[in-house]
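The active site annotation in TrEMBL covers THR70. According to TrEMBL, the feature domain 'L-asparaginase N-terminal' maps to 35-172. If you look up TrEMBL, you'll see 191-306 marked as domain 'Asparaginase/glutaminase C-terminal'. Per TrEMBL, the feature repeat 'ANK' maps to 375-407, 408-440.
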Amino acid sequence: MSIIHTQRLGTGLCTLLLKQKAQPNRLSPFVLNTVLISSSLWQDSDPVLFVSWFQKHYEKYDGFVILHGTDTMAYTASALSFMCEHLGKPVILTGSQVPIYEMRNDGRDNLLGALLIAGQFVIPEVCLYFHHKLYRGNRVTKVDSGSFNAFNSPNLAPLAIAEVDIKINWDTVWRVNTTSQFRVSTQMNRNVGLLRLFPGITAMTVKSFLQAPMEGIVLETYGSGNAPDNCADLLEEFRNATERGVIMVNCTQCLRGSVTTSYATGKALSDAGLVAGCDMTPEAALCKLSYVLARTDLSIEAKRKMLSQNLRGEMITDLQGAKLTLSDSRFIQELEAVRDALTPTLACAASKIGDLEALDAIKEMGSNLSLGDYDGRTPLHIASCEGHLNVVQYLLSQGATVYAKDRYGDTPLRNAVRFRHKEVVKLLRKTGANFSRDELEDAGSELCSLAASADIKGLEMWHLAGGDLDTPGYDGQTPMEVVSVWD
């Protein structure tokens, strides 16, 4: 990847120029804050500070990168993934094993990789980028204290790999199937803990650990979620804690694998009231427990149910009764390159004519409805241009991103404004859509042009879309001043 810092092209020292085929071809990083804290001194107030920044600056930037120490980076990534609700833009944590000011370090590559991915790709997740790999934030754990390849995602393949080209595994990317706007949850319950089973652990030890103010624990068990079922006093302590309202999540001590109730020793814990943590990492399970317990609007039973659900892609739930698609077939996986080449064109054609049945059929084949055609235009771009409100609603419910840009830098919101589709604009704004920085650069001149031609409907569309009608044009005049001149 060619990185150029140049004044000659008028980009400034902080602009990254990309290969011509990259979209966008310029990235402009901005430093929002510089707080230097040792990651081993991590406090639950630190993620709250991060999400507060996201909420304040969410509409200004295409993505966010956090530089973080490696010791507790997996915990922060997991916590942020739950605290960021309805996230539509990439949030990427990265750091280094060797400080960036050392001659031989991994910090430069990690930082540039995180910046490039956050600025080029709409991956609506909290991620962790390290050693050329992008992981889902709530799937990682630190596995090596002395290697550049320090992190691993034991139960989920990387979302992206940065080689000669950056290859995104779009089938794995988590998408929010809702039209709700981005919001943050700043409440995390601190009365949680991790308890690891070991041979010979006593009931008294468990009882002491489960005493108030403890409200929830992650129990790290043997193998696929097993504990000694011949220790009646131990199981009794778990049952008593459940009856007192303490919520316990069963996670395996193994690096890979999942919790099941296939063995009698695993079923005994389920009968005692423990919630199966499936294949969650201990970091993700602890942060999820803290997040769920902070929900004061939910009953104990509702919290237990929420813990068993896949909220942010942090676990794979039991496949029993799940609907499998053709994408689960080995044959289809071998043909995914052909599928990915055909799907965008077919989906865009279906969006143009408002054919929901065709879109649903394409989705059932395991296709990604957020992929763009040769111009980078997604089905949501097309539906927004045509004003097909029902198609826009369907695509948003299937995880289509409102932040996708075509080769011209246009978002679906910009298309809806251009073609004056009022209801589509309202729906996209409700979902959290906003004009990109590139779109706002020429906003003043376009608004002045609309004002000069007395295009009231055009100005109304811009206002509905969140545009500032006092934005000056290239000559410094605002739309209102243009109107007064013509009057």
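Heads up, the Cβ atoms here are built off N, Cα and C, so glycines get one too.
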Can you count the other CB atoms that lie within 10 A of the CB of THR70 (active site)?
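Its Cβ shell of radius 10 Å holds 20 other Cβ atoms.
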Write out how many residues of the domain 'L-asparaginase N-terminal' (35-172) are helix, how many strand and how many coil, based on DSSP.
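Going through the domain 'L-asparaginase N-terminal' (35-172) residue by residue, I get 44 helix, 29 strand, 65 coil.
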Where DSSP helix means H, G or I and strand means E or B, what are the helix, strand and coil counts for the repeat 'ANK' (375-407)?
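The breakdown for the repeat 'ANK' (375-407) reads 17 helix, 0 strand, 16 coil.
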